[in-house]
Amino acid sequence: MPDAKKQGRSNKAMTFFVCFLAALAGLLFGLDIGVIAGALPFIADEFQITSHTQEWVVSSMMFGAAVGAVGSGWLSFKLGRKKSLMIGAILFVAGSLFSAAAPNVEVLILSRVLLGLAVGVASYTAPLYLSEIAPEKIRGSMISMYQLMITIGILGAYLSDTAFSYTGAWRWMLGVIIIPAILLLIGVFFLPDSPRWFAAKRRFVDAERVLLRLRDTSAEAKRELDEIRESLQVKQSGWALFKENSNFRRAVFLGVLLQVMQQFTGMNVIMYYAPKIFELAGYTNTTEQMWGTVIVGLTNVLATFIAIGLVDRWGRKPTLTLGFLVMAAGMGVLGTMMHIGIHSPSAQYFAIAMLLMFIVGFAMSAGPLIWVLCSEIQPLKGRDFGITCSTATNWIANMIVGATFLTMLNTLGNANTFWVYAALNVLFILLTLWLVPETKHVSLEHIERNLMKGRKLREIGAHD
């Protein structure tokens with residue numbers, strides 16, 4: 001009995017280590033999102049570019065990410081989750097090198113597209129891999145660790161941007177990504193491949209070997225393998241399954257909708273244009289804007305711990321609903337303050353408090369939980385196709401948000417822009433209550449059975 005307990009502890013440690021290494025992809029994702037906020041003013045100054053070109057510098061990465069996400073389904077299915085992560089790490093190294101050395105804005109935009117390809121591969125593969133590796137009781141927490149790494153990456157980028165801002169060294173801001181990219185590349189060599197990918201390839205011995213390393217007991221590993229075998233009895237897969245099976249189409253639709261909801265909360269507007277938003281709040285000094293951006297990043301990291309604590313205790317659906325409510329309030333009040341005018345130090349502090357409240361709402365809910373849900377709701381035979389659709393949607397929506405914010409400010413005005421995002425968050429509360437299932441402590445195979453039986457989307461996580 002003591003040996004069994006010792007083995008269980010050893011396997012838990014191994015599972016955590018594997019999940020941590022995979023989540024490092026999120027760190028690079030976050031660094032890529034964060035570095036451009038601080039570098040953009042210096043890039044605009046050096047290359048003398050317009051607001052429209054600045055939007056392209058920001059959104060070119062999202063275009064690359066959408067392309068990378070679309071290609072990742074095929075890549076992940078053919079080569080496996082591990083090799084896909086390896087390819088993503090190589091692209092991160094190459095993209096950051098070219099970005100830092102860009103002689104003109106055209107090369108910089110192309111380099112950002114290359115980085116986007118890396119982010120697309122990572123944002124597709126890492127949550128999928130984590131959902132297939134982690135045991136059901138901690139699956140939400142482990143996938144949320146990926147989002148935590150994103151927020152740590154954003155904070156790290158803001159800190160390095162602030163450090164380099166005193167000399168305007170934007171090339172160093174963009175170049176720091178190389179170091180963690182190399183660490184990820186080394187770390188991936190130590191990862192096992194997904195047991196569900198092995199099973200999909202009919203390599204059941206390999207699947208069992210991985211499960212025996214990662215589960216507390218051999219009985220638990222064998223039970224999980226039996227459930228995986230059962231889910232493989234569906235004859236069609238991918239596009240064929242999408243065409244023939246209306247229940248699978250519902251899951252793909254929900255995944256796409258969830259990613260649209262995440263992006264149109266307005267969070268990445270703040271991530272990409274944080275210094276600009278601080279300027280709107282009355283902070284005209286560049287140093288104040290940069291340190292304000294660091295506070296945004298730190299709040300994002302700390303609030304993500306709330307999600308990790310709640311996701312496997314309180315559940316996905318109530319946490320998500322509360323988050324959208326907090327974000328709607330934050331954006332609504334911020335828009336009202338922009339309308340009235342921010343003329344005093346106390347008004348400035350209150351505006352920043354509303355901004356930080358919005359960030360807490362996102363980081364505790366839509367930030368991690370959308371990735372959790374999208375990786376849970378797709379059936380095994382259609383998982384690569386379904387997550388390709390949802391991840392590509394994430395980046396297309398992300399690109400639209402990044403490419404339109406400055407235009408919205410110029411055409412709608414500051415207050416109306418923030419009110420639009422507040423109204424969208426209210427809409428997302430209603431959509432969550434209507435469509436989103438509770439998947440806490442439910443196996444992926446049980447969710448799949450409910451989906452394929454034709455149960456309502458909001459009920460596919462229900463126990464029989």
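The backbone N, Cα and C atoms fix where each Cβ goes, and this holds for glycine too.
Features as listed in Swiss-Prot:
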TOPO_DOM  1-15  topological domain 'Cytoplasmic'
TRANSMEM  16-36  transmembrane segment
TOPO_DOM  37-56  topological domain 'Periplasmic'
TRANSMEM  57-77  transmembrane segment
TOPO_DOM  78-84  topological domain 'Cytoplasmic'
TRANSMEM  85-105  transmembrane segment
TOPO_DOM  106-112  topological domain 'Periplasmic'
TRANSMEM  113-133  transmembrane segment
TOPO_DOM  134-139  topological domain 'Cytoplasmic'
TRANSMEM  140-160  transmembrane segment
TOPO_DOM  161-171  topological domain 'Periplasmic'
TRANSMEM  172-192  transmembrane segment
TOPO_DOM  193-250  topological domain 'Cytoplasmic'
TRANSMEM  251-271  transmembrane segment
TOPO_DOM  272-290  topological domain 'Periplasmic'
TRANSMEM  291-311  transmembrane segment
TOPO_DOM  312-321  topological domain 'Cytoplasmic'
TRANSMEM  322-342  transmembrane segment
TOPO_DOM  343-351  topological domain 'Periplasmic'
TRANSMEM  352-372  transmembrane segment
TOPO_DOM  373-394  topological domain 'Cytoplasmic'
TRANSMEM  395-415  transmembrane segment
TRANSMEM  417-437  transmembrane segment
TOPO_DOM  438-464  topological domain 'Cytoplasmic'
Open item on the list: Pairs of Cβ atoms less than 8 Å apart decide it: which stretch in 140-160, 291-311, 352-372, 395-415, 417-437 has the most with the transmembrane segment (113-133)?
Closed with: 140-160
Task: Counts of helix, strand and coil residues, the topological domain 'Periplasmic' (343-351), according to DSSP - done: 7 helix, 0 strand, 2 coil
Open item on the list: Using Cβ distances below 8 Å and needing 3 or more such pairs, separated by at least 6 in sequence, tell me whether the transmembrane segment (172-192) contacts the transmembrane segment (85-105).
Closed with: yes
- [ ] Compare 16-36, 85-105, 291-311, 352-372, 395-415 by their Cβ pairs under 8 Å to the transmembrane segment (57-77) and return the stretch that comes out on top.
- [x] 395-415
Task: Folded-back contacts onto the topological domain 'Periplasmic' (106-112), same chain, C-beta under 8 angstroms, at least six residues removed - done: 36, 43, 47, 56-57, 60-61, 64, 95, 98-99
Task: Mean of pLDDT values spanning the topological domain 'Cytoplasmic' (134-139) - done: 82
TODO: Give residue numbers and ranges for long-range contacts of the transmembrane segment (85-105): same chain, 6 or more residues beyond its ends, CB-CB under 8 A.
DONE: 22, 25, 28, 43, 47, 49, 53, 57, 68, 75, 79, 111-112, 114-118, 121-122, 125-126, 129, 171-172, 174-178, 181-182, 184-185, 188-189, 191
TODO: State the residues, same chain only, that lie 6 or more residues beyond the ends of the topological domain 'Cytoplasmic' (134-139) and have a CB under 8 A from a CB inside it; answer 'none' if no residue qualifies.
DONE: 15, 19, 214-216, 220, 312, 372, 376, 441-444
Task: Helix, strand and coil counts within the topological domain 'Periplasmic' (161-171) (DSSP) - done: 7 helix, 0 strand, 4 coil
- [ ] Could you give me the DSSP helix, strand and coil counts for the topological domain 'Cytoplasmic' (134-139)?
- [x] 4 helix, 0 strand, 2 coil
Open item on the list: For the transmembrane segment (417-437), give me same-chain residues lying six or more residues beyond its boundaries with a C-beta closer than 8 angstroms to one of its C-beta atoms, as numbers and ranges.
Closed with: 254, 257-258, 261, 264-266, 269, 316-317, 320-321, 324-325, 327-332, 334-335, 338, 366, 373, 377, 405, 408-409, 447, 457-462
